[in-house]
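Pulled from TrEMBL, these are the features on record:
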type: DOMAIN; residues: 122-367; note: domain 'Citrate transporter-like'
type: REGION; residues: 65-85; note: region 'Disordered'
type: TRANSMEM; residues: 19-36; note: transmembrane segment
type: TRANSMEM; residues: 120-139; note: transmembrane segment
type: TRANSMEM; residues: 151-178; note: transmembrane segment
type: TRANSMEM; residues: 198-224; note: transmembrane segment
type: TRANSMEM; residues: 273-296; note: transmembrane segment
type: TRANSMEM; residues: 317-340; note: transmembrane segment
type: TRANSMEM; residues: 352-370; note: transmembrane segment
type: TRANSMEM; residues: 461-481; note: transmembrane segment
type: TRANSMEM; residues: 501-526; note: transmembrane segment
type: TRANSMEM; residues: 547-572; note: transmembrane segment
type: TRANSMEM; residues: 592-615; note: transmembrane segment
Amino acid sequence: MAITPLEDGSDRSIDARSIVSLIVFFVCNALVIYPLKIPFPLIFSKGCDSIQNKISFEIPCERHEPIPKSSSNSSINDTENDNDNVNRLNQLEKEKLKNLPCARRCKCKRLYFPLDLRTVPVIGVLLLLASTCIPPSVVRRGIVGSGGVRPYDIMILFTCFAYISISLDCTGLLRYTAFLISSKSTSTGGGKKLYNSFYLFFAFIGLFFGNDPLILSGTPFLSYFTSHSSINPPTAFLFSHFQISNLVSAFLVSSNPTNLVLTSAFGISFLKYSAWLALPTIGSAIILFPTLKWIIFKKKGLIPNNIYPPNINPRDALIDPFGAIFNAIIFIITVISLVGLSAGHLLEGIEGVWTVTVPAAGLVLIRNLIHDWKNRNSITSNSTLHSTTNEDVDNNNQNGPAISNEIDNNRSNVIQMQPTDRPNEKNIIKCKKLIPFRPLSPFTDNFPNTSIIISRCPWTLLPFAFSFFILVEGLQHTGWIRVFGNWWGHWESVSGVAGSVWLMGVLSVIGCNIFGTNIGATILLARVLQYWATTRIVSNRSLYGAIFSLAVGSNFGAYSFVFSASLAGLLWRSILAQKGIHITLKENIRWNFISVTVTMIVGCLIVAGEVCVMYKS
């Protein structure tokens, strides 16, 4: 294994700048876990509100996700009930605004500056630069890379795969497969059979697509399915989906950015990584199933014996059959190419993984643009309005024909009207007054599907990840990585392979919860192992045991205690909140604690067994 030595910080002693860097690092992590909001002055909020009424950069498709039409008449009743609920909520909001002290002075929404994963790491980097704790060269290394890790290459690969996966999801393929499985499993009202089918389905899909696309597509589907199938509470289905999605993402390098960090830091090929993680991933997934079904969710009612879902044709969920086939082929070819080229060591140097993923994502993007352009007349209309005015138009067209561009974007929908649909004159005037100037409308109106896919990509991950790379480089520059590496070396020399695997597994899970998601934990612990491996004589057993137990913990730790243990956890919670399902921190710990404990024990034991079998000394 070729491990590149770290560039600096190996001979620097701890001083005041080192202490400041460590404090900034932990403060950033704390604010990522427990974010804050700083209110802006009302006059500033009022000015921004007036500007927002005139200029809008939002995509006009931002609404709730569409659901395939049921063959029964229940959808009409559901629509009427939804409209009644919306009216009641609006009335409650108006009453709340009347009771606010600032309502008389300013009839606008107060703006806040968020101190969370989008802003805090960037502020931390700027603070270290301003205080001269780190030089500009550290910032450059945090972006370009050092010690074999190339952050830009990692983030390009992850972003490209996210775009391909989300494009595939927007064709309706994953939703179609889920509805097909549910219809087959519940043909006789078998609730337990359906639970088993969903577990196997999510495990298989997650092995290849990773956790983020599966969370994006599976969470809205399950929230809809459980509510319309009278599964109350939906705890067993939601938490099982969340846990297995994160667990199986340990298998492929492309499934999680933490896997990319490890393969880059230690020069491990994609094929070799998957070979080592195959048994821990599959073994843990097998053990997790009975643990969930007969231990955690054994209480009566959590997994009902009989489930009768709504009568839905799965074919209605498949929006773009050709796009589904095209995107699936591109995705498979890309994964195979990465594995093959990485095994042949052809992705080193300038020829990084971006040379494979960027062309693949470009092909999918071009296909999406062509598809949107060919269908622009049928999927766009001058009557497409902001979500603030869509409700007025919809209420006037409940009895008339309408065309819905069914794109599952967890919150999006494009409403189009036939020429025969004529909202009354009052609503037309009202809509014209509310529509602001939209600079992006030439693109979003002609390419709505592509716009939605781009908006769903995890762009907030880019400044967050780059900033944490820089913060860890700052710890290395100020001497902390040397200190932590020496601590780890002393522990390993005393405890051996067993202690190395056990402690790294524990540290990785705890680090996911306190080091700003599993990405921050993996970056920091990988640097510690790099220093340790390049400054001491290390056995293959101890080295591989520590590396792959870190890989297991960084993936399994995503479903542990706090939601911010992973970006998938934050995404999962926000989607459920949009669907009216609120999960508290106490509930998250309660339903995840046994699962993460059992799977970490199984995964680390398998890793320890692998290194002992593969290396005799």
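A Cβ is built for glycine as well, from the same backbone N, Cα and C atoms used for every other residue.
TrEMBL entries are annotated by machine, without manual review.
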Exercise. Return yes if the transmembrane segment (592-615) and the transmembrane segment (501-526) have at least 3 CB pairs under 8 Å (sequence gap of 6 or more), otherwise no.
Key: yes
Quiz item: Counting only residues 6+ away from its ends, which parts of the chain sit with a Cβ under 8 Å from the transmembrane segment (151-178)?
Solution: 68, 142-145, 198, 201, 205, 209-210, 212-214, 216-218, 221, 225, 254, 257, 260-261, 264, 314-315, 317-321, 323-324, 327-328, 330-331, 334, 352-354, 357-358, 360-361, 364-365, 368, 406-409, 449, 452-454, 456-458, 461-462, 465-466, 469
Exercise. Between the transmembrane segment (547-572) and the stretches 19-36, 461-481, 501-526, work out which stretch tops the count of Cβ pairs under 8 Å.
Key: 501-526
Quiz item: Could you give the mean pLDDT over the domain 'Citrate transporter-like' (122-367), rounded to a whole number?
Solution: 85
